[in-house]
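A.B. asks: Next up is a structure, given as structure tokens.
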Amino acid sequence: MRSTADEAGGPAKGAGEAAGEAAYVLPRGVPLWEIFLTFLVIGATSFGGGVVAYLRAGLVIRKRWLDEEHFMSALEISQALPGLNATNMSIIVGDRLRGVAGAVVAFLGVTLPGASLVMILGVLYASNASNPYVNATLVGVGAAAVGMLTAVTLQIGRKQFGGLIDAAIILITIAMVSFLHISLLWVLLTVGPAAVLIYRPRRDDGAAPSDPAGPRA
Amino acid sequence: MSENLSVLGVFSLLSVLAVGGGAAVLPETKMLVVDTHHWLTDDQFRDIYGLGQVVPGPNMLMVLVIGYHVTGYLGALLAYLGFFVPSGVISWGASRVWDHFEGSPWRRSLQLGMAPMVIGLMAAGAISIARTAIDGSLTVAIAIGAFIGVYFIKKVNPAFFVLGGGVVGLLLLSRTGAGMP
């Protein structure tokens, strides 16, 4: 249920090519209300983070609006660009189905349930911030969130932590943000291009860049 | 009015910086909201982050509550638009030109290079929340419990463990008064 590009990406791509793409056609003329409703249901039920997993279940498996390969390609764009994967994905898929209007209703659908709920909680919190029971509960939630975030980071990064180059990029990024308190903009502008250059396409193979991970193994 | 503009500006900036998603932009969010603009205290930031954890959809919808704390409902709306529209427009535009780069070997380079940086940013996000949320042995125990639950028991929704942390906090912390301001 934790879907990440790394876990889902590898096998999905191979499978998509093998299974024959001819079967998939982008649905035409899906009504806007149906797009909105589908994303609304995903937005209202995707508890616990990892909205991408719910999107995959809803869009690829239940609705068949996308096949695995198109889903992964949308995820790839969402991850490389700023913004949350969940909202970026919704916008991209909505746009594929019904253009700009589709993108807008998909975005609204996936965010409105959570936005309304968090606002209700936020207003209640503002008027009960000094209540010891509210405080104690949120202290517990905050502590648990740290555990969850750590677990999710380790799960998504399991592959990366094993490689020397990736582990170095991870540690440098953590050091810059958490300990040197360098602004995120500078981290993105320095570590990002450097990391992509390390993995730049090699001349000897056209399609896929040779993985510098190779020699270290 | 200038406060409203600041809310819009801060969250639009965070929007375009949010490479790698919500957790990756947490340290910067905390820095701008708590240290630079003094809109929230450390504890309020942790509490509001917690609210984002227990609602469905993206956790970063908590930005609405931050906006609400600054200038009320208008602030919430501006934080929502600021945080989601700029990055949304970028993704929308990029997805339309992305297919032109079909087969470009740089697409894979981009993926391979970004992945470890994003993991690093997410870890920094966890550290940033931990600095306020972890205070005393009970919070350490709750965090370890949630970690073990989420990491090893994959069949259970992670939200369950986060809510469980809230219940443990309610039962144990409100009685002892530990962790109270």
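Backbone N, Cα and C define each Cβ position, glycine as well.
Because the structure is a prediction, the values reported are computed rather than measured.
Among the features that TrEMBL reports, transmembrane segment is placed at A:35-55, A:99-127, A:133-152, A:164-189.
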A.B. asks: Where among A:99-127, A:133-152, A:164-189 do we find the most Cβ pairs under 8 Å to the transmembrane segment (A:35-55)?
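C.D. replies: Most contacts with the transmembrane segment (A:35-55): A:99-127.
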A.B. asks: If we skip the immediate neighbours and take only residues 6+ beyond the ends of the transmembrane segment (A:99-127), which ones have a Cβ under 8 Å from one of its Cβ atoms?
C.D. replies: 30, 32-33, 35-40, 42-44, 51, 55, 86-87, 90-93, 134, 138
